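In what follows, a structure is listed as structure tokens, so that the remarks can point back to it.
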Amino acid sequence: MILPWIPLLALLGVVVPLLTRQRGRRFCSLATAAPAILALLLVFSQVPALLAGDLPRFQLAWVPQLGLDLAFRLDGLSLLFVSLILGIGLLILLYAHYYLEAHEPFARFYSFLMLFMLSMVGIVMADNLLLLWLFWELTSLSSFLLIGFWSHWTDARKGARMALTVTGAGGLALLAGLLLLGDMAGSFDLGVVLESREAILADPRYPLMLVLVLLGAFTKSAQFPFHFWLPHAMAAPTPVSAYLHSATMVKAGIFLMARLHPAIAGSEAWELIVTLTGMATLLYGAWFALLKTDLKAILAFSTVSHLGLITVLLGIGSPLAILAALFHILNHATFKAALFMSAGIIDHETGTRELGRLGGLRRAMPVTALLTSLTAAAMAGVPLFNGFLSKEMFFAEAAASPLLGGLSWLLPVLATLGGILSVAYSLRLVHAVFFKPARKAPPKSPHEPPRLMRAPVELLAALCVLVGLLPVIAEVPLGLAVEAVLLTPLEFHLAIWHGLNLPLLMSVIALIAGVLLYALHAHLRQFGRQFSPMDARLIFEGAVQRLMTWSERLTVRLENGSLQRYMSWLLGAALLLGAIGLLQLPSLAGARPTQEADGILLLGAALMIFGALGTVATHRYRLISLLMLSVVGLVVSLTFARFSAPDLALTQLSVEVVTMILLMLALFFLPQKTPRESSAGRNIRDLGLAASLGMVVASLNYAVLTRDNHGISDFFIANSVPGGGGHNVVNVILVDFRGFDTLGEITVLALAGLAIFKLLNRLRLFMPHSDGEGRVWSPDRYPLILTSVSQALLPLALLVSAFIFLRGHNLPGGGFIAGLITAVALILVYMARGVEWTQQRLDFQYQPVAIAGVAIATLTGLGSWLFGRPFLTSAFGHFHIPAIGDIELATAMLFDLGVYLAVVGATLMILANLGKLTTPHRPSKEEKH
Amino acid sequence: MLDTALWISLTLVLAALALNVYRLTVGPDMPDRLLALDTMYVNSIALIVLLGLWLNTKTYFEAALLIAMLGFISTVAVCKYLLRGDIIE
């Protein structure tokens, strides 16, 4: 149970700085360090178990359907990386405490840093591929925040964006790769995956999976040709560069390759891709490290180069190569983090990182000069430093690798070349900064940094020397890590002296030639100048801009703001899909005989068609067109009545009248005539679309009606009474079988009502003083006849509404129709009596009504949980009430009440508020009830 | 006997509906059209009741009730619109 606490403590560390920021930076730094120290202690507490041969694991099902578990493990490899992440993280925290300026938001910085620490710890401890990927993405996000920390600076923003794009794209490839891998292995559990090497290698999808996973690893670890983001990520504050871009995040790709090594490595494809990519990266990075003049850029390219070196070793893949890779990970993390921090100190104390303005600093900063020299020597691979040991192992493995067959001599030669370059740029770094006389004075007069700011560098430099002199101390952690990668223990011994052999010769050549190369450095730079400078950022930004323009153009084509265009896309898609469905039918007509057409039907059809055509023909005269449309609506509801769909007929009628009122309200503010706008071409398009859609829909209807369909309707008819307790199947479907849909619909209705209410807020529209033909309005605002009739109608309408509502479960009716009737009856009062009069008598807002409706419906649904049933299970029973007799009550009735209230509230919210626009009672912010 | 009466009434109601649509189309004025629509509502009530008699069912009578009530409100809304423009004031 200790394992989950390690990431949890890191998670705690994310919150702590934000909570303690008021107490000053010193307190905040200490409080942030505390969880990390505790986590590190917890990690060390597991070492005895690991040494005893146990594998601490923790597993908690998270989304078992996806195979995603909250699973952690702490094997040797995780141990190595977790110690590195937490240990260097703590040093970085100490360093950042002094590095950040007083005015900078240090708490936010710490919080981002700890978030990053959490995600790295997650990656290296994850025992589940999907969990690993989640943390992987979290590192991309948190590093984006860290690189862009100085967000006022455009370089920082662009660098952050580039890093996020490259590593994010790689992360997507990795997800695809890991999904494939999990599928091949049959589980996302890391233990299972690592054991399924045979199945994975034999799978035909192996090459695809390999490429995808390697894409993820290469982008993260800045391998050629995805290396370009790393130098630009140097726009980050130096603690971030030291932590993310030397010690940890860029090692995540390396870690992934090492982690999955037992499962996916060993094939020829792996060896070729990984080794050659690594070698290209090694040389490319080293060459540019030699040419750059910015201190951090040199370190960035040298990091790229060293990552390439480790990748080569993982590609070679022999047990000793793995050992060398892990050893170099450790060594590189120590000397490169120290070098970055030194660079930060120099930058901090002199105000510049340009080699041209630095020089002769050994007098002003003797200790920093010593520390930098020591760590640079480790980077160069000078004997008696830790870098020497792993580099010599690298030379040995490169020389021994049988890869490339007859050209196998190429690897050691290229490796030596990389070594030469590495010596040259390390030498240049130290010499140009500390020993060469300065050509120009730095902006600030240099001096030593605060004692404790240097402490992390001192510690790491000491480690470089210590491991270099006594390599035995690294044997225990490396042994555990190698065992985790190879799945078997490896007998090995780290020593400084192996006798006079080929690797030693290569080291000697690298040292001598490196010094010579630096001596000829001026010529090299001249040579380098002949190439036109290639700024990766410009290329990248250009590509991003092009992509943006291209997608904008595409978007504008599809989504140009014209409703007609959207409609045509929608209808066109429906047309296409409907037509495809029809094409697959053997014949249009089914087995069912057609019904005899009588005179009533023919006339009804004729009226409907005439109404529809009339609507289109008169569409420029809006009111006439609307009246024509009413004819269609009326005939449609008569058709529903004729063909045994009384519920539909009632609904159609009430919706019809609500639509009419709404349009009358809206039409007042709109022009009476539609101007002639459509071009002939567009008319033809619309006509074609409408006609073909009509034909397809008619054919679909014909096909459906002439066939015996035994779909789900039989189930509803059979179960309506026993399951829902109602004889009206339509209503039982609405409030019971598909109650969840209805709940969604009334929620949307209430939301739409609220949105319209908000939109009407303080809206002032032009009010015409005469009708379309120029006649002034009649002076009679509230005609007497209308007033009297409406008053008589209101109670009757409410009675009908109650009647329709109550009978709804067994006979045609229900909450929706009843709600519309109530709303329309109330609107009639508004029309007949005016807002002032009605407001006095109906003194309440409609928003709460709608919300109460949705709440009642939701609570009814939740109520079934009290009885241990799923959401919205309905219950019903028969009750005997004296004088009234036997009645049936169902919870669905309560749900229907919610529907009723939601409909009343939403309809009135829309109609009444639209009506109030012309009165002093219009919705406005000032008005408080 | 009832059948004959039904058929005669249905024919007349249908003819009335057709004439309503004619009036709705030709106008000439907006009140003419509106009255035509309102009369269509009235005739629809008759049609539904006759259909109920013919099919021997009461199921559709609520539809007639609703048309009687709501059709009137529709007409009122349009009337108010023609008279005052602003239907809720």
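Cβ coordinates are placed from backbone N, Cα and C, and glycine is handled just like the others.
The model shown is predicted, which means the values in this text are computed figures rather than measured ones.
Features reported for this protein in TrEMBL:
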DOMAIN    A:65-110  domain 'NADH-Ubiquinone oxidoreductase (complex I) chain 5 N-terminal'
DOMAIN    A:126-400  domain 'NADH:quinone oxidoreductase/Mrp antiporter transmembrane'
DOMAIN    A:607-672  domain 'MrpA C-terminal/MbhD'
DOMAIN    A:682-764  domain 'MrpA C-terminal/MbhE'
DOMAIN    A:785-908  domain 'Na+/H+ antiporter MnhB subunit-related protein'
TRANSMEM  A:5-20  transmembrane segment
TRANSMEM  A:27-51  transmembrane segment
TRANSMEM  A:107-125  transmembrane segment
TRANSMEM  A:162-186  transmembrane segment
TRANSMEM  A:206-230  transmembrane segment
TRANSMEM  A:297-316  transmembrane segment
TRANSMEM  A:367-389  transmembrane segment
TRANSMEM  A:409-434  transmembrane segment
TRANSMEM  A:455-474  transmembrane segment
TRANSMEM  A:597-616  transmembrane segment
TRANSMEM  A:844-867  transmembrane segment
TRANSMEM  A:897-915  transmembrane segment
Tertiary contacts of the transmembrane segment (A:844-867), as residues 6+ beyond its ends and Cβ separation under 8 Å: 739-740, 742-743, 746-747, 749-750, 753-754, 757, 873-875, 891, 894-895, 897-906, 908-909, 912-913, 929
DSSP helix/strand/coil residue counts for the domain 'Na+/H+ antiporter MnhB subunit-related protein' (A:785-908): 88 helix, 12 strand, 24 coil
Same-chain residues at least 6 beyond the ends of the transmembrane segment (A:455-474) whose Cβ lies under 8 Å from its Cβ atoms: 91-92, 94-95, 327, 330-331, 334-335, 337-338, 341-342, 345, 368, 371, 374-375, 378, 383-389, 494-496
Stretch among A:27-51, A:162-186, A:206-230, A:297-316, A:409-434 sharing the most Cβ pairs under 8 Å with the transmembrane segment (A:107-125): A:27-51
Top Cβ-contact partner of the transmembrane segment (A:206-230) among A:297-316, A:367-389, A:409-434 (pairs under 8 Å): A:297-316
Spatial neighbours of the transmembrane segment (A:367-389) far in sequence, C-beta under 8 Å, 6+ residues away: 302, 306, 327, 330-332, 334-336, 338-339, 342, 345-346, 361, 419, 422-423, 426-427, 429-430, 433-434, 448-449, 454, 457-458, 460-461, 463-465, 467-469, 471, 474, 494, 496, 507, 510-511, 514
Same-chain residues near the transmembrane segment (A:409-434), Cβ under 8 Å, at least 6 residues beyond its ends: 275, 279, 282-283, 286-287, 289-290, 295, 298-299, 302, 305, 308-309, 312, 339, 346, 355, 358-362, 365, 369, 372-373, 376-377, 379-381, 391, 394-395, 398-399, 401, 403, 502, 506-507, 509-511, 513-515, 517-518, 521
PLDDT averaged over every residue in the domain 'MrpA C-terminal/MbhD' (A:607-672): 90
Intrachain residues whose Cβ lies under 8 Å of the transmembrane segment (A:297-316), provided they are six or more past its termini: 221-224, 227, 230-231, 233-234, 241, 245-246, 250-251, 253-254, 257-258, 261, 265, 270-286, 288-289, 322, 324-325, 328-329, 332, 336, 339-340, 343, 355, 379, 391, 394, 397-398, 401, 403, 411, 415, 418, 421-422, 425-426, 428-429
DSSP-assigned states of the domain 'MrpA C-terminal/MbhD' (A:607-672) in counts, ordered helix, strand, coil: 54 helix, 1 strand, 11 coil
Composition by DSSP (helix, strand, coil) of residues within the domain 'MrpA C-terminal/MbhE' (A:682-764): 67 helix, 0 strand, 16 coil
